[in-house]
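One structure is given below, encoded as structure tokens.
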Amino acid sequence: MAGKARVHELAKELGVESKTVLAKLKEMGEFVKSASSTVEAPVARRLRNAFVNNTGSPAPAAPPAATPPTPTPTPTPPRTPTPAPPPGGPRVTAKPMPPRRPGAPTPGPKPKGPVPGPPQSATPAAKPASAHDIEVAAAEARAAALKAEQEAAVKAAQAARQQQRDNVRREPPTEGGPRPGPRPGPGAMPPRPGSPAAGRSGGPTPGPGPRSGGRPPARGAGNNPFGIQGGQQRPPAAGAGGPRPSPASMPPRPSPASMPPRPSPASMPSQRPGRPGGPGSGRPGAGAGRPGGGGGGGGGYRGGGGGGGGGYRGGPGGGGGGGGGGGYRGGPGGGGGGFRGGPGGGRPGGGGRGRGGGAAGAFGRPGGRPTRGRKSKKQRRQEFDNLSAPTMSSGAPRGQGQTVRLSRGASLSDFADKINANPGSLVQEMFNLGEMVTATQSCSDDTLLLLGEHLGFVVQIVSPEDEDRELLAQFNIDLDAEVAEDRLVSRPPVVTVMGHVDHGKTKLLDAIRKANVVAGEAGGITQHIGAYQVHVPHDDQDRAITFIDTPGHEAFTAMRARGAQVTDIVILVVAADDGVMPQTIEALNHAKAADVPIVVAVNKIDKPDANPDKVRQQLTEYGLVAEEYGGDTMFVNVAAKPGTGIDSLLEAVLLTADASLELTAPTDGPAQGVAIEAHLDKGRGAVATVLVQKGTLRAGDSIVAGGAHGRVRAMLDENGNQVAEAGPSRPVLVLGLTAVPGAGDTFLAAEDDRTVRQIAEQRQARRRAAAFANSRGRATLETLMEQLKAGEKTSLNLVLKGDVSGSVEALEDALFNLDIPEEVQLRIIHRGVGSITESDVMLASASSEAVTIIGFNVRAANKVREMADREGVEIRYYTVIYQAIEEIEAALKGLLKPEYEEVELGTAEVREVFRSSKVGNISGCIVRSGLLRRNAKARLLRDGAVVADNLTIGSLKRFKDDATEVREGFECGLTLAGYNNVQVGDVIETFEMREKARV
């Protein structure tokens, strides 16, 4: 294969000096370094054209426009070789035709069908070609050979694939139009044996009749199969094949017209003659393959293979282009010659198939395109749009809007039981929805609602109250069953004392009970719910009243709400000197929500600044209008310390109870009520303060309160005396429970221990399932990001232990309601009732992070304290709730990362700059304000703009002495570490970062 032409070769070819060629290339705008440099083929072609134009010789002919079509059919010429003069003299060239694009010989017929167009003209040119023109054409052919060789394989494959498509949709032959090919020979004369006319390396070309002209033998100068035709005819080499019989001398072969019709889209309307064979007559291949000549043309309907073509300098038998394929079922083409192929050399040019082509082998049709056509963009887009994710049929039933009731934390197995389905099918449905849930795992409410909506069911999550009611119904226990009137007896009223902290609620109860409870309360504030029963003479009768004392501190909101739910009447205590306060309004709202009557006790009227009328005016704004103002609310002025107005208050309570309420309850039957408070006693175990609402509770009864159960071992009143039985509205302390119940849990007595144990176990299981479902939630991207952020936060881990469950609950709620920044978080690992035990210390020490144990009104034993010291666990004790809240809040803020702010120290002006090879530039400065300190942060200002920031004062001296700091008005010398771009007049500003207090 020919390489790129060098400058000296071009100069030798053009007959000029190399420097002339270099100058010409420079004039053309091409950069060439020396005479040995190579030149690309297009540049070489332009160079030759330029020299030809300068010398007056004609350049290679450009393809002229096609001549208009004529009625008479003219043969389509073969390739367009530039005719060279024979040894005997110059030959006449034909009129130039559009040259074929340089490329490899096409191993088959023309890819596309016959295109109607103007016929080719074979008029010979009048001017013979000169020897110089031949040399120019030969050199140009060599230059185009490289590019043509690279495109040869692609062109051949494309032509074969196009031929396969055109075989199907080929139209009836019409007059041959112009097609790229070599220029015709000297004249239109029939081919003769041994003539240089060679078959085109392709199949038959549609034409109306026999072709009359021959083909010049040369395909390019120097037998280049990819070059521009114009080489000189060479004598046939030995072994290249002798003269072939002409089409006229051969007997006619069966043509498509004489054959029975074959099924094809075009229905074979006419004969497709071979090229350049005779009309419809197949032949073994017209024209011998000659050195320098094209391949022999294929035959007709079942024509023979084409002859071998000559190479550029092919030896005997060296084929140029592949021999022309056969006709309708043409034979294979002859071997193609190489660039400098030896005997029989060159690459074999596969014979182009005619209409029908060669037979398909084991690996498909040779040279054909793949059987599966390329899809259009629109078709691929439609297929992509029609794609859908594969769905697996789970077999789960589909609902029609039926309602399914599920408890909190229900599993997929529970759901499957409700709709009579297989739990595995629901697991698969959740998998299709993107949720990984097992059949027995507790699911959140959102997950159950999502699955129900997907299956067509309406899921209703049962509330805790309804859930407990359904649980008791399984044991034939109905808390709301109606009671016959003959079983009802009157019961004492239950009165709850509520109000703001330090307004004298407990002191008022002490005055009523004639006791001193305030002295026993830590900090003088109530932190428990106290239940007492007092007897008051009224209308010559001994009337019993049950009082419930609730805390007034803001942390005990749940306790106040619980007290309002179990009460009949609320006494709202308001201090006459303070007036209405926030917890007063909250207690008022609790009472209204419980729909119970309110009696207002205006306390502390004995103080000098007391103003009872102000209290009445303030409460009027909240809907409590005094009777003296025309309302229906009783206001009583009392003073708890001297005991003023106590009798009037009790009388108002009894009058309200008799006038507004019908207080009756059955005394027979199992006891039912509410656990107001519970705690863990060291000597007596779990102790619960219960208020009986129905029936009678006796010692030895089996009771269940929340998740705790047991048998009543003893009952105590508010004074510590044992009680044999407790009727309605009677508060007692119950001993004998297996665990500490939660404050506010309902209790009931049952016939045997087995029933209460099953109820307690099912309550505990449902609570655990609900807690697990709520803690897990749905795993979404948002929750995942929140968990990742939470892992980066600093957390304060606590273990809460208190004396009663209500206090622990209040402390936990207060801590979670603290307004703390997002950088820190509060985690309560465990909470419980009772003293601090070794288990609490072991739990705290086993945690990966530091855990603090908070003891609220409880202490740790000596052995437990020693273990905590050994394990490094901190224990803190508190007796007042707001003190615990304040210290824990301070600890949370102490975990915050410190924030720093910039504080300016001073400024200095640069008066002189000294160069030093040892330390760099030394700035001679005078301190204008503040002070300069060694190792302080600094920034350099020039004309009011910051030139450099975050610098450090490396050294600081006064005269020759090192200085730690230099104050205002003094001169100094300093260096900025790692920075030397200091100029006279610059300002050095020093600052430091100080920690800012977090709010």
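Cβ coordinates come from backbone N, Cα and C, glycine included.
Under the DSSP three-state reduction, Lys505 (GTP binding site) is assigned to helix. Taken from Swiss-Prot, the feature GTP binding site applies to 499-506, 549-553, 603-606, supported by sequence analysis.
Feature annotation from Swiss-Prot assigns compositional bias 'Pro residues' to 60-89 (among others).
Under the heading compositional bias 'Pro residues', Swiss-Prot lists 96-121 (among others).
The compositional bias 'Low complexity' annotation in Swiss-Prot covers 136-162 (among others).
The annotation compositional bias 'Basic and acidic residues' is assigned in Swiss-Prot to 163-173.
Per Swiss-Prot, the feature compositional bias 'Pro residues' maps to 179-194 (among others).
Summarising the annotation, Swiss-Prot assigns compositional bias 'Low complexity' to 213-222 (among others).
Taken from Swiss-Prot, the feature compositional bias 'Pro residues' covers 244-266 (among others).
Under the heading compositional bias 'Gly residues', Swiss-Prot lists 275-367.
What Swiss-Prot records for 371-380 is compositional bias 'Basic residues'.
Residues or ranges marked as compositional bias 'Polar residues' by Swiss-Prot: 388-405.
Look at Swiss-Prot and you will find 490-662 tagged as domain 'tr-type G'.
According to Swiss-Prot, the region 'Disordered' annotation covers 50-407.
Swiss-Prot lists 499-506 with the feature region 'G1'. Looking only at the region 'G1' (499-506), the predicted model's pLDDT averages out at 80.
Per Swiss-Prot, the feature region 'G2' maps to 524-528; the stated evidence is similarity to another entry.
The feature region 'G3' is assigned by Swiss-Prot to 549-552, with similarity to another entry given as support.
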When a 10 Å sphere is centred on the Cβ of Asp502 (GTP binding site), how many other Cβ atoms does it contain?
17
The region 'G4' (603-606), counted residue by residue under DSSP: helix, strand, coil:
0 helix, 1 strand, 3 coil
In this structure, which of the binding-site residues Lys505, Thr550, Ile605 has the fewest other Cβ atoms within 10 Å of its Cβ?
Ile605
Report, as a single number, how many Cβ atoms besides its own are within 10 Å of the Cβ of Gly499 (GTP binding site).
27
